[in-house]
Structures are given as structure tokens and as C-alpha cells.
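Data block below; observations after.
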Amino acid sequence: MSTAVRICVCGDEGTGKSSLIASLVKGVFVANKIQAVLPQVTIPPTTGTPENVTTTIVDTSARPQDRTTLRKEIRKSNVILLVYSDHYSYERVALFWMPYFRSLGVNVPVVLCANKSDLVSDGNAAQVAEEEMLPVMAEFREIDSCIRTSAKEQKNVIEVFYLCQKAVTHPIAPLFDYKEGQLKPACVDALRRIFFLSDKDQDGYLNDQEMQDFQQKSFDKPLSQEDLDNIKLTVSKSVPSSSTDKGLDLRGFLQLNKLYAEKGRHETIWIILRKYHYTDSLSLEDSFLHPRFDVPDYASAELSPAGYRFFMDLFLTFDKDNDGGLNDRELAALFAPTPGLPHSWAETSFPSTTVRNEAGHITLQGWLAQWSMTTFLEPKTTLEYLAYLGFETPNARETTTAALKITKPRKRRRRPGRVDRNVVLCYILGSSGAGKSSLLDVFLNRPFDTLYHPTIKPRQAVNSVELQGGKQCYLILEELGELEPAILENQAKLDACDLICYAYDSSEPDSFSHIVELRKRYPQLDELPAVYTALKADRDKTTQRSELQPDAYTAALNMSAPLHVSVTWNSISELFVALAEAATNPSTAFPRSEEPPADRASLYMALGATACAALAAFMIWRRSTSNAA
């Protein structure tokens, strides 16, 4: 919204432009002759101006020799006050002034002012408005409003400049189409989203309590029962087919705002829109969608308890049939106030990335897991959708970042102990056909598919895992597909990864050699904790064509032997627990052959302390010897 308003006062000579400005500044009519063009006037923000903006008023001359200055001032302004005072100057509004503004290519609102109304009897006021102003407004849509004034009688002097201010701070053009007599599509979309967010129980109606909450949020004051009844009465008269017994439905809500626009109360609509973070172009504020949220190196983003509670409540609200899953219709309703599914979700074939029920609908467990993964991989996407979906905090100063938290950096992975993470990422590396995709399927409780489907694009799967002691964490398994070389050469990708799972087919003789070659080709993998896994253990085990067999290879690294598992075994869940445990306690899973280097800092501190103690003992001995002598 504009924080400064520049008003260019235009009109024929003798219409009273300068007198209007002087009367506003002095507060009284200036009877003495004043200069033809007044100097620029700046009015500082006061409680009487809309949104407390700074207003600059520029007087102009209509003389041909001043046309260059006039053009310059019109182009610099963001609202034009066009003044006429008699029949001749009125005719010039349509014949000269409005076409002239258009020829300059300016796109600013115009406030039409019929000045010197003291020369017209009050009985003719309505006739003047109907016969003069309305036809011009109908012909030139850029005319925002019209008003009759008198500088001599101080009639509507303050009001005319207030209209100019409001034409900039609360423009009607983005909201209402006078030609069609309807709210504009962008305005309807914004109001529809606001209705959606206000309808907390999603029953299609704003009940009395929801109306009260909406009123308090929008206008910071309660709604009296009388005002509420009047709103319902107004809507029922305007839309006879809209019942208000259950509350205000979407149709009635839109009609109410349409009435505000028709009656010149579009300021009310703007107050509502801006409380819900809409800009003058009716898009959501970028700072609202994308608040500052920096994740330090080696740290990660996760949902906070408030974030998990919000997404859980959202799921329960839209699971209308209470079957424990969100079907396509329920998902569409949930994402109605957003641009649709997040781009990354669509790219990864959501909801195939998480837990679904037998009908293929995402469950609450899968829903929370999906948002946990999104927050870990793309925290800015989560923040954007929290804004779209209406996340709110009790503290008005807090942003959507209150729904997220940042974990402690885990730069030193070799340090013993658990990392401060509830969401961890594990890359599954192995040869084609080793069973990586089947591993992801069974992780999401999918049935085993005997057909081989090669993985082209990276594929992710996320689910919750219960660690030893009962703590829950979210484990993200990612198969890299054909992008494996690019990802393994990307240090930022490796820094984000918590664990490598080297998987090979224990029934295929050439499968393990792929892992050996992979570790030689990418030595940086040695900096990541790792778990070795022998898949397809339900088949006959075969000797691997490798210099060392898997057990001997891992023993040479002082690591645990490969875990032998099969996706057809019920015990497969133990593998996921082992992966989550290794990811959250990385010092137990490092692929290295030498013992960890001594902690030299501790050694130096110990030596320093010993030296200090020895020096102190020597000084005490020397002093006692001196005293004895």
C-alpha cells in the first residue's frame, strides 16, 4: 500500500483550484486575492488521513504556456483532482481534460469535483449529480468518485482531499467492475480464500462465532448482535435464495462485499484484504509468503509442535467421511486456498511418497510424514503453504516461522552421542536391480511387486520409525536413479544427507562390486556414516565377484557385517529401525579403518593443567625453603 499520496489538482482557470487548497491549509476561506498557482503543499501523517499517509498537493495552471509543467506534474502524481465550477468548465471535462489524461498514458484515479456549490441552490444538488456527474463517470471509468464542494462555505473541503487520499490507499478499480456491476475475479478469489480461512469447521457457513472471530481479526473490535442481525437481514434481502439460518454462506459473503463496493464503502473491503496480507494488486505479500528463515550450515529445519498441531488439525477437519484418509475430493478442498499441490509433491507423484490406506488415500501418519519431509528438504515451501492455509499464532508479531524450528548443527558427525534431529535423510545406493525400489515400497507398507521397474528420476519415501526407547523419528529414504553421479558429486547434497545405506543383491554375484567401485569413485562418501545391507536374503546366497567378500570388507573397515534382509520377511522393519538409529547416532556407523584421532584439545588442556600444578608446587617448595633459610 502507498505510504505517500501525491495529488495533482487540475482544471480550467477560475474554477477555484487554488482556493480549495488554501481553504484546506488555512481552515477558512481566503477572501483576499491569492496567487494563480500555489506552491506545493505537504501534509504530514495524521489520525485523520487514511492509513496515516503523507500527502503532497500540487496546484497547476491550465494556461497553454504552462502545459509542459502540467504534463510533468500529472505524470508524477498518483491521483488527479479535476475541478470544474460552471457549465463551460463542466463540458471541458469530457471534451478536453479526460482525453488529455488518457493521451499522456497515465493510469491513476481521478476524483471529479464540482466546486463553487454555493452558487447552486441545494434543491438542485441531486439534479446536478444525476445530470452532470453520473454520465461522465459512466463514460470515463478512471473517475473514482465525485463530490460537490465550496471553498467559500468550507463545504466538503476536507472531504474532497480525503477522497483523493482514499482513491490511492483504497482504490476501487482492482475490486469492482462498474461496467459489469460485479466484483472483479481477483477480488472474488481473495474473498473466497478469506471465507475459507474464516470457516473453521468447514461446513460452508460462517456461524455467529466465526463471524465474531472474522470481525475481531479484520477490524479489531467485536460485532454487536444488532449489527450481526442487520448483516444477515441485508444479505437475505439482496440474495433471497441465500438462507442465513446456519450463518453466512460464500454467496452471501461475496454479495455483502459487493454491496460495500456499490455503496462506496470499498475501504471496508480493503481493510479486510490487508488484514489477510493482500497487496494492492490482490496478491499475497511476499514477506508473508516468504518470511526470512535461514538454516545454518549442517543444521536442518523441522516442524515445531505448533506446526505438527496445525497440520494434524487440518487433516482432521477435511477428513469429512472419517475414514482416516484424504481422498481426491477432500485434498482438493483442503488445497483450495493455495495454488494447488506444492511443485515438489507433483514432481514426486504424491501421495506415492508416503503412507496410504488400502484405498490409496493418504493417512494422518502419511500426511504428517510428508510435511516433515517437505520441511526438511524445502522449508520455504512449507512456510509458503502455512501462509496459504491460514496458520496463525497467538502472538500477532510472530510469523509462520513459529511453525518451524532449526536443529543444532551436526558438523562433527564422529562425536559420540545422538544428533538433535527428528527427521533424517538416508540415500540408498546400490546396483540396478539390487532391490532398492522394493525396499522403498515395503517401507510404505506397499505389497511386493515381482516386476522390475528401473528408477529413472530420484524417488523418495518417508515414514515414521520408532527408535529404541519409544522415541519417534521420520526417516526419509531416497533412491537417486540416473541422477546418482550428479548428487554424489554435489557436496551440499552430501552435507544434507544423514546416512548412506549401501544395498546389494546377495543372490547376484556382481552386485557388491558396484558398492566397492562407488566408494573408490567418490571418496567423499567416507565422510558419511553408512550401513551395509544384503537384500533378497530369501534367495540363495552367492559368492560375490569382489576382492573381499562383504563380511570381510566391512570387517576390514571395523564396521558391522551387512544386515541380511528380504522385503518378503516381516522382520524387514528392523532394518528401518537400524537405519534410523545409525542416522541419529552417526558415530556408530562411520566407514573407516583407523582408530579415531586423539582429542588433541583435551590432551593440551591436560598437559597445561599438569604443568601449572607442577609450577605451583615448585613455587611453594621454593618459598618454604627460603623461609627455612
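Note: Cβ is positioned from N, Cα and C throughout, glycine not excepted.
According to Swiss-Prot, the GTP 1 binding site annotation covers 11-18, 59-63, 115-118, on the basis of sequence analysis. According to its DSSP assignment, Gly14 (GTP 1 binding site) is coil. All protein chains shown were included, and the count of other CB atoms within 10 Å of the CB of Gly14 (GTP 1 binding site) stands at 12.
Per Swiss-Prot, the feature Ca(2+) 1 binding site maps to Asp199, Asp201, Asp203, Tyr205, Glu210. A simple way to gauge crowding: the CB of Asp199 (Ca(2+) 1 binding site) has 21 other CB atoms within 10 angstroms, across all the protein chains here. When secondary structure is read from DSSP and collapsed to three states, Asp199 (Ca(2+) 1 binding site) falls in the coil class.
DSSP assigns Asp321 (Ca(2+) 2 binding site) to coil, not to a helix or a strand. Among the features that Swiss-Prot reports, Ca(2+) 2 binding site is placed at Asp319, Asp321, Asp323, Glu330.
When averaged over the domain 'Miro 1' (2-170), pLDDT in the model lands at 88. According to Swiss-Prot, the feature domain 'Miro 1' maps to 2-170.
Taken from Swiss-Prot, the feature domain 'EF-hand 1' covers 186-221.
For the domain 'EF-hand 2' (306-341), the list of distant contacts is 192-193, 196-197, 200-202, 350, 356-357, 359, 361-364, 367-368, 371, 375, 382, 385-386, 388-391, 393, 402-404: same-chain residues at least six beyond its ends, Cβ to Cβ under 8 Å. Summarising the annotation, Swiss-Prot assigns domain 'EF-hand 2' to 306-341 and lists sequence analysis as the type of evidence.
Annotated domain 'Miro 2' per Swiss-Prot: 421-585, in sequence order.
Summarising the annotation, Swiss-Prot assigns topological domain 'Mitochondrial intermembrane' to 622-629.
Annotation source Swiss-Prot lists transmembrane segment at 601-621.
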Same-chain residues at least 6 apart in sequence whose Cβ lies under 8 Å from Tyr205 (Ca(2+) 1 binding site): Asp199, Lys246, Gly247, Leu248, Asp249
Pairwise Cα distance for Gly14 (GTP 1 binding site)/Glu210 (Ca(2+) 1 binding site) [Å, integer]: 54
Counts of helix, strand and coil residues, the domain 'EF-hand 1' (186-221), according to DSSP: 25 helix, 2 strand, 9 coil
Asp199, Asp201, Asp203, Tyr205, Glu210 excluded, remaining Cβ within 8 Å of their centroid (Ca(2+) 1): Ser198, Lys200, Gln202, Gly204, Leu206, Asn207, Gly247
For the Ca(2+) 2 site built from Asp319, Asp321, Asp323, Glu330, further residues of that chain with CB within 8 A of the site's CB center: Phe318, Lys320, Asn322, Gly324, Gly325, Leu326, Asn327, His361
Between Gly11 (GTP 1 binding site) and Asp201 (Ca(2+) 1 binding site): CA-CA distance (Å): 55
